[in-house]
Amino acid sequence: MDDQQLTIQQIQQLHMLLQQQQQQQQQQQQQQQQQQQQLQQQNFQLTPQNFQIPVNNNNNNNNNSNNNNNNETAFNITSQNNSIAANLNNDTNIINTTTTTTNNNNNNNNNNNNNNNNNNNNNNNNNNNNNNNTAPNQKFPTRKYKKQKDKLAELGIDVELSKKPTAAVKKKPPAKKSAKNAASQPTSPTLSTTNTSSAFTTAVLDTKKRKNQELLDYSDNSEESDSDEEDFENGDNENGDFPGGGDRKNRRLLKNREAAQLFRQRQKEYINSLESKASSLEASNTTALSKVSHLTEENQLMKDKVRYLKNFVKQAVSISLPMSVVNQDNINNLNNNLNGLQNQQNNNNNNNNNNNNNNNNNNNNNNNNNNNNNQNNFNNNNNNNINNNITFNNNNNNNSNNNNSNNIDSLLFNLPPD
């Protein structure tokens, strides 16, 4: 019973100590918060020479007391933790070995898949090469088409060649008027004259349209005959399909497509050349304008110098003349000119000095801003370090309190009953 009473007294003492420690920690936290607020209010500037991280002696003393109190109760816990850590290490080693084996298997599978894909790509390339080798001979556009295209390119006309005109559908002749319709129409002389004139004009228009259509058909037939002759000469009639219409049309369509592509390419090249010329002309224009501005400035300077030299010449002439010839008006004019020159020189010097002063002020302001930024960064880093130290101490204190409370609970649980 005496031993039990002693243990209970010790536990009560430990409870009291824990309560005191918690109160002290709360006070320390409040003090730290107050210090942070004061630092933020003051916005003081810290330098690396006079900066020293403050050390709380109270925290160290409390930590030492806590460590002394916890050393007695932590022996059992450390032994248990060591056994648990050993088991965990064994489990982690087993898991790592299994993961490495699975990763190796996955890598091997990926390599096999990549090899298969490469083989398939090689086979596809070989098939494409074979197909290209067995492809028919390339078709070229007709000579007339090339000539027309070259003429347009030489003239610089960016117009695509029109397609071949489709065969116009011939209109059916108007149906003959029946006897009833003829009888129903009036027989006045004015209407008869208008009908005859309209019929004559329609007949003339029909004849003109027919002539134009015949000319178009003739040109189409001539081009088709030329292209067919070229196809026959080039050996395109391999299957003996020259008399047929389908293969010949397909050939003609292919040639027209290729010719159109070539014509578009030439158009693009011509446009690109024009753009390059325009850019070069713009560059030369800018250089010429800069030269002109420079020459105008030099011209103005020369004019000013000539004007000043005229004044000096007048002054020299007046000085060389006898005093009887020199008038007071001439002397006053010369003095005014000299004063004007001196004033202009003084103004130029003042402007240069002002510009230099402004540049120096700007440089000083930039340097001051950089220094302020560096000091602010340094202050922020120091504040962050202080906060990190405070949080670290708080975490350590909390961990120690939790361990003490756990140990006390375990002791209370292990006490024998009364």
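Using the three backbone atoms N, Cα and C, a Cβ is placed for every residue, glycine included.
Of all ranges given (5-36, 165-196), Swiss-Prot attaches the label region 'Disordered' to 165-196. For the ranges 154-161, 274-281, 322-329, the feature annotated in Swiss-Prot as region 'Leucine-zipper' maps to 274-281. DSSP labels the residues of the region 'Disordered' (336-418) in these numbers: 79 helix, 0 strand, 4 coil.
Averaged across the coiled coil (324-362), the predicted model reaches a pLDDT of 77.
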